Amino acid sequence: MSLLMPPSNYEPPGWMRSGLRRLTISVLRQPKLTLGLVLASVIVSVGLTVGFLKFKTERSDLIDPSAPFHQRWLQYTESFGDNSDLVVVVEGETPNRIKQVLDELGQRLEARPEQFADVLYRVEPGRLQKKGLYYLQPEQLATGLERLEEIRPALEGNWRYLGLSGLLGGFSQKLSSTDATTQQQAVTELNQLLASLDHYLVDREDYQSPWPEVIEIDPMREQQANQIVYLLNDSGTMGFLKAKPVYSRDGFEGAAPVIDLLRELIADVDREYSDFEIGLTGIPVLESDEMRRSQADMIVASVISFLGVGLLLLIGFRGVRHPMIALAMLSVGLAWSFGYTTIAIGHLNILSVSFAVILIGLGIDFGIHYLSRYLQYRHEKRPMFSSLVRTSESVGPGIITAALTTSLAFACATFTPFLGIAELGLIAAGGILLCALVTFIVIPPLVAFSDQKLLERRLPSPYDAARFRRLLSRHPIPVAVLSLSIITGIGASAFTPTAEGLELNVKYDYNLLNLQADGLESVETQKRIFQKAKDSLLFAVSLADSPEQALVLKQQFEQLPSVAHVQELASQLPPHSAEKTQLLVQGYRALLNSLPSATPVLPPPSLQQVEQLSLRIDQQLGQAFDSEKVLSTRRLLRQVWNRLAKLTQEQQVDWLAQFQQRNLQSLLFELNRLYAVSDPDPVSVADFPDSLSSRFLSPDGKWLLQVYPKEQVWDIEPLTQFVEDVRTVDPLITGTPLQNYEAAQQISESYQIAAFYSLAVICLVLLIDFLEARQKWAVFLTPMLLIGIAALFLPDAFFASSPLFLISAFTIMSLAFAFALDPHNSWEALLAMFPPLAGGLLMFGLMALLGVDLNPANLIVLPLVLGIGVDDGVHVIHDFRMNPGRYKISASTLNAVVLTSFTSMIGFGSMMVAAHRGLYSVGQVLVIGIGSCMFVSLVALPAILTIIDQYRTPDEKAYFNSDEEEGTIPFSSGVA
C-alpha cells in the first residue's frame, strides 16, 4: 500500500460533517426565524458601528505605543504637540517681492487662529532689540562703561563739559599724565576731534563725528539684530511660511478642511501675484493628499469591482438569483464584521480600514463554493433540502478548514510588534470566521425561499469546463511536467545566486513618496525644496535640558557626515549668562537714564580760552613722545588754526559753536542708541516671538534641536545612515525620520513573524482536518508532553527560548509524528499547501520579470495570497477525497475556484485604475498572486492528484464517501 493510500482501518472524520449537518437542518426548519434574527443582528451591528466605531487617521496610530522608540516620540509630542507644519513655498526671482507675498499670505493666516497656529514666515526683533547689550562680551561692556565714566559730568547734567573748552581741557589733562597709555589714548582722540573740525571747516554740510564708539560692534551684526528676518533660501528665490493646522482628531477627515482653506487662501494670493509659483507641502499635506487620492481611487475601483464581480457571477452561475444570494451572505458577513470590530477594537486606522476589501475578496469565496456544490447536487436529481444538507456535509469541512487556516494566518499578525498590522490581523481573522459562519446560516434559508418551487432543469448550470477536465484526466503526466516546469522556470527568475546564497530579485521599496500619485503638488513641492534650498520636510528631534547642553549637541550633530544643519533656539540667546553681564548692563542704564529728550544748547565757546588750551596742547605734544601720530596731530592743530585765522572773529565763534553743537548732537544720538538696548531685565525665551519659541522650547523647559539630513531620507539607505549617525550623539533622539525607520523595520519584521506563525498554524490546522481522529491525540499530545518535560527538567533553557523556537519545535515534532502514524493523510495535508507555496514562488518570479517591487502598501497582499492559495488547495484536496471513481476534478470545484479567483482578481485588480501608485501596486500584485495560485490549483495540483489516483483501489476511495442516510427532514411550513 502506498504512503498516499489510507490505512485499511481508516474511518472518515465525521464530527465536522455531522455538526454542519445539524446546523443546516436547524436553520432550514425555521428559515423565517433564522433570517429575522440575522436581520436583527445586522441592524444592531450597523447601529454599533455608526454610533461607536472611531477612526484614527495618523500614521503614528499604527505603532505600538509601548515601543521604546514610540514612547520617545510620545514624550516629544506631549511637550511640543503632535502637529507637523504645513509648509507654503513661494518661488520667484526677487526676494523683496517674495517677502510681499509672504506678508500677504501670513497676515491672512494670522487672522484665522481657529484654523492656523504658530504662523511663522518672518522673525521680528521685538523685545530682544531692547536687550542688545546682553549679547556683547563682558569685556566689551566694561570698556564701554569706562568710556561713559569719562563723560559722567555731562551725563549727570553738566553738558558744558562736552563743549570745545571742556574737551580740550580734558585732553590737556590727559597729556600731562605720566601714564603712556593715557597719553596715547589722548593723542588718538584729539587727532579724531581735530580731523573732524578741520573737515567741518572745509565743508559744513559733511559733518563727520569725532566720537569713538562707546562699544565697538560689528556693523553687520548690528544690522541683523535690527532687521526683520524672513524665511528664505540662501539665493533668495524661495520663501517659506510654516503653520500648524488646528483640527479635531475625532473625525476621519483629519486636517483636510484646514488644508482646503489654506489652498483657497493661496489661490486668492496667487491671483494677485501671478508671476510667482506658490506651492503647498508638509507632512500633514502629504498624508492628507495620499488619503484623499486613495479614497477617490477606491471609490472608482469599488464601482468597477462591484460591476465586474457581479457580471462575473452572473456569467459563472448563469443567472441572477444565486449571485444575489452570495452577495446577501457577504453583506451580512460585512455587517457582523463591522460590529465585531467596534466591540473588539473600537476603531479603525489607515491600515485596518482596508479589512472590508479583504473580506469582500475572501468572504465571497465561501458562498461561491457552497452554491456551486449545491447546484451540482441539484443537477444530480437530489431534492433541494437534501442537496443543501449534503452540500454542508461535503464542501462544508473545506470551507471551515479554509476559513480557519486563513483566519489563523491573519490572527498570527497579533503577535507582531507593529500595531497597525496586529489590529488588521485581529479584525480580518474575526471577519473571515464570521463570513464562514454566515455561509451556513444565511445561504440555506435564502436558497430554500428562492429554489423551493424550481425544478432541476430550471436551475442554472455552471460552466463545467469538460474539455479542460478531460485533458487533466487523460494526460496528467505531461500536464504535471509542463506546469511544474513553468512554475520552476519562472520562479527561478525570482532569485540570483550569490556567494552568500540566493538573493531575492524582488526588492522592497521603503520610499513612501513612491506610493503617491505622479505629479502630486505636495510631493513635487517638497522635491523642489530639497533641490533649491537643500532642506527637508523630515528632521530628527533631540531634546536638551538646558541651552548649554543644546549648543553642545548642536556642535556634535553638525560634525556628522549625514547631517546638513541643525536648527535650534539656544544659539539665539546671549553667549554669556546674565550673572556675568547684568550688573554691567544695569550700569549703562543708570548712567544713561537721565539723557535729555532734546539736545541741550551749549553756550558759544570762548575764543580766548580755546586758543590758550590749543597752545598748551601744542606745547604738550611737542614735549610728548616722538611718533607719527603726535606729529600728525600737531600738524592738524596748526592747520585748524590756520583755517580759523582766515575767518573773522564772529565767524570763528559761529563755526566753532555750530561744530560743538553738532558734536553733542552726534554723541547724544549714540548714547540714546545705547539706552535703547540697555533694558536691565535679562533675555528670556518670553522675548522671542511665540511662533518661534513654541517650536523650540517646551512648557516643561526642554530645548529642542531639529537635525536635518544631508540626503533625502525617504529612501532606506540614506535614512539608515542618518539614523545610525544621530544616535551616536543622542541615543534617545526621535522625529519623523526615526519613526519612519523604526516603523519600516517593524513592518518588515512583523510580516516575517506573521508569515512564520501562519505557516506553522496552517500546517497544524490542516493536520487536524486531514488526520484520523484517533491519530490526532498522539500527533499533538506527544510534542506537548515532550515540551512539558523539557520545561520541567530544563526550566532556564525553556523560559529563555523565544516563542518562535517553541512553535517551530512543536510544529516540526507534530509533522514528524503525523507522517510516522498517518503518512497518507499527512501527505494530503501537505499537498493542500502546494498552491500557496508554488503559487507564491510563481508570483515572485513574475514580479521579478515584470519589475514589480514590494512596498509598505502591497505587503498586505502576502497573507491574502497565502489565504486564497490555502483555500484553493483545501477545496481541491477535499474534492479529491470525496471522488468515488476515477479522479477528475469536479465541475463544481473547478467552477468555484475559477469564480473565487476571478472575483478576487477583478475585485482587487480594479485598483489598477488608481492614480495612487500604492493602490495600483496592491491590485497588480494581487492579480499576479491570485492568478499564480489559480494556475497551480487548477492545473498542476489536479494533474498530480490524477497521477496519485491511479494507485488508489476502489475500496480505498470508498473510505471518504460513506454518506449518511438521507432521511426526511421536518422542515417548517414557512417556506411552502
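Backbone N, Cα and C define each Cβ position, glycine as well.
Feature annotations, courtesy of TrEMBL:
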{"type": "TRANSMEM", "residues": "298-317", "note": "transmembrane segment"}
{"type": "TRANSMEM", "residues": "324-345", "note": "transmembrane segment"}
{"type": "DOMAIN", "residues": "329-449", "note": "domain 'SSD'"}
{"type": "TRANSMEM", "residues": "351-375", "note": "transmembrane segment"}
{"type": "TRANSMEM", "residues": "395-418", "note": "transmembrane segment"}
{"type": "TRANSMEM", "residues": "477-495", "note": "transmembrane segment"}
{"type": "TRANSMEM", "residues": "751-771", "note": "transmembrane segment"}
{"type": "TRANSMEM", "residues": "778-798", "note": "transmembrane segment"}
{"type": "TRANSMEM", "residues": "804-822", "note": "transmembrane segment"}
{"type": "TRANSMEM", "residues": "829-851", "note": "transmembrane segment"}
{"type": "TRANSMEM", "residues": "857-877", "note": "transmembrane segment"}
{"type": "TRANSMEM", "residues": "889-913", "note": "transmembrane segment"}
{"type": "TRANSMEM", "residues": "925-948", "note": "transmembrane segment"}
>> Applying the under-8 angstroms CB criterion, which one of 324-345, 351-375, 751-771, 889-913, 925-948 scores highest with the transmembrane segment (778-798)?
In response: 751-771
> Where else in the chain does the transmembrane segment (857-877) make close Cβ contacts, counting only residues six or more beyond its ends and a cut-off under 8 Å?
Replying inline: 351, 354, 358, 361-362, 365, 369, 395, 398, 401-402, 405-406, 409-410, 413, 424-425, 432, 515, 747, 751, 754-755, 758, 762, 766, 769-770, 828-829, 831-837, 839-840, 843, 889, 893, 896-897, 900-901, 904, 908, 918-919, 921-922, 924-926, 929-930, 932-934, 936-938, 941-942, 945
> Same-chain Cβ contacts of the transmembrane segment (804-822) under 8 Å, 6 or more residues past its ends?
Replying inline: 7, 753, 756-757, 760, 763-764, 767, 771-772, 775, 778-780, 782-784, 786-787, 829
> Among 477-495, 829-851, 889-913, 925-948, which stretch has the highest count of C-beta pairs below 8 Å with the transmembrane segment (751-771)?
Replying inline: 829-851
>> Does the transmembrane segment (925-948) come close to the transmembrane segment (477-495), meaning at least 3 CB pairs under 8 Å for residues 6 or more apart?
In response: yes
> Under an 8 Å Cβ to Cβ limit, what residues of the same chain, 6 or more beyond the ends of the transmembrane segment (889-913), are close to it?
Replying inline: 297-298, 300-302, 304-305, 308-309, 312-313, 316-317, 357, 360-362, 364-365, 368-369, 372-373, 375-376, 395, 462-466, 468-469, 472, 864, 868, 871-872, 875-876, 879-880, 883, 919-920, 922-924, 926-927, 930-931, 933-934, 937-938, 942, 945
> Do you know the DSSP helix, strand and coil residue counts for the domain 'SSD' (329-449)?
Replying inline: 106 helix, 3 strand, 12 coil
